Amino acid sequence: MNIAYTNVLQLHYQHQQPYVSFAPKRSHLSTGNVCQRLPTGIPPISLCGPSSRLVVHRYVSNTNAIPFDPNELPEYAPILYQNPEKKAATILEVLQNANSILPQVVLVSTILAFIHPSSFTWFSSRYYAPAIGFLMFAVGLNLKEKDFVEAFKRPAPIFAGYVGQYVLKPLLGYLFGTLSVILLGLPTSLGDGIMLTSCVSGATLSNYATFLTDPKMAPLSIVMTSLSTASAVFVTPLLTLLLLGKRLPIDVYGMVSNILQIVVTPVVASLLLNRFFPGISSAIRPFLPPIALVVNFFCIGAPLAINMESIMSPFGISIALLMIMFHLSGFILGYKFTGIVFHNEPDVEPLQRTLSFETGMQSSLLALAIANKFFKNPLVSIPPAISVIIMSLMGFALVNDMG
């Protein structure tokens with residue numbers, strides 16, 4: 001009797017997936033063809049030769065049947081059979097990773113502020129407190145109370161951040177302020193503006209930058225900035241007296257209110273939400289990064305657009321270069337000194353990045369407000385106005401490099 005070899009199993013996936021054809025030695029189950037579709041990832045194999053001894057013991061009556069669980073499909077399975085929950089998870093992952101395009105957002109914001117300033121001029125200083133408060137809320141929603149307890153157990157790094165902010169940075173301000181007058185021949189008021197910028201507290205944006213690069217270090221960064229901001233009511237007037245010979249009356253109530261609104265309240269609110277309503281926290285957490293991108297877009301572009309007159313002034317380019325060197329020196333020295341002092345710490349590199357942001361980023365908006373309120377010469381306000389832009393651009397550029 002002649003033995004007929006027929007193809008009894010054939011797979012041909014969408015997009016020309018590899019297939020396997022099996023031929024039995026003798027099909028005693030059916031005289032017709034028996035077909036079953038199965039997933040495979042191996043190259044085409046033919047077992048139709050005379051030496052094949054494979055015998056099919058299962059008969060599949062329906063050639064369109066799917067003999068596997070759709071929930072266990074491989075990644076290359078047709079979209080038709082993929083689990084909707086997996087697609088939903090992918091969307092959430094995309095939202096959570098929105099911060100990865102932050103450098104591009106910063107670049108677009110900067111370019112648009114130059115070519116179309118009116119796109120940002122409506123975003124005045126009154127929106128800064130709630131905007132930065134939202135960023136701090138987004139940071140706090142990813143933290144727990146124990147993270148801050150652990151942060152307070154590290155007094156040495158906290159003290160190092162304080163020294164970097166109120167010792168190292170004022171020395172840099174005095175150096176570049178003096179150089180601007182003696183070497184570049186700029187008006188004394190511009191040198192005063194550089195020194196004034198070095199006397200204020202750390203920037204809240206440094207906390208957000210730290211969170212983007214080293215999330216576990218965010219509580220430590222928040223503690224550092226909160227401490228420098230709270231003590232600014234006493235330290236900033238003392239520093240301006242030493243560097244500028246002018247004692248500035250600082251609004252103590254305003255400073256305390258500012259730190260409560262921008263830092264303490266948003267972080268505490270997010271921690272409470274995590275503790276008592278974890279379901280709500282989990283639901284809104286993936287949507288915060290894309291919203292934060294929009295907030296950063298305006299927080300960077302608005303100061304640039306609003307202070308365009310200062311930037312385009314005859315001294316604008318010179319001051320911009322000086323402020324770049326001023327902030328860059330802070331970033332580098334904060335990073336290097338931390339590596340030397342804490343070289344035995346197990347997390348020395350994240351700690352270096354944290355103190356680099358804390359030392360390099362300054363609350364330039366506070367310096368700008370002080371300049372406008374207490375100095376008659378408008379030139380004093382140019383360095384802090386330019387510092388707002390330089391600090392933000394450099395900080396988020398470093399987020400991309402360090403992250």
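Glycine is no exception: its Cβ is also placed from the backbone N, Cα and C atoms.
According to TrEMBL, the feature transmembrane segment maps to 94-115 (among others).
Positions annotated as transmembrane segment by TrEMBL: 127-145 (among others).
Positions annotated as transmembrane segment by TrEMBL: 166-187 (among others).
Note on the transmembrane segment (220-243): residues 136, 139, 148, 151-152, 154, 157-158, 161-162, 165-166, 170, 173-174, 177, 195-196, 198-204, 206-207, 210-211, 249-252, 255-256, 258-259, 263-264, 267, 354, 357-358, 363, 366, 370 of its chain, located 6 or more positions outside it, place their CB under 8 angstroms from a CB of the stretch. Per TrEMBL, the feature transmembrane segment maps to 220-243 (among others).
Note on the transmembrane segment (255-274): residues 129, 132-134, 136-141, 143-145, 204, 207, 222, 225-226, 229-230, 232-233, 280-281 of its chain, located 6 or more positions outside it, place their CB under 8 angstroms from a CB of the stretch. Look at TrEMBL and you will find 255-274 (among others) tagged as transmembrane segment.
If you look up TrEMBL, you'll see 286-306 (among others) marked as transmembrane segment. Outside the transmembrane segment (286-306) by six or more residues, the chain places 92, 95-99, 101-102, 105-106, 108-110, 112-114, 117-121, 123-124, 127-128, 131-132, 134-135, 137-138, 141, 205, 208, 365, 385, 388-389, 392-393, 396 with a CB less than 8 A from a CB of the stretch.
What TrEMBL lists as transmembrane segment is 312-335 (among others). Sequence-distant contacts of the transmembrane segment (312-335) (same chain, at least 6 residues past either end, Cβ-Cβ under 8 Å): 164, 168-169, 172-173, 176, 179-180, 184, 186-187, 190, 193-194, 197-198, 352-353, 355-362, 379, 382-383, 386-387, 390-391, 394, 398.
Summarising the annotation, TrEMBL assigns transmembrane segment to 381-399 (among others).
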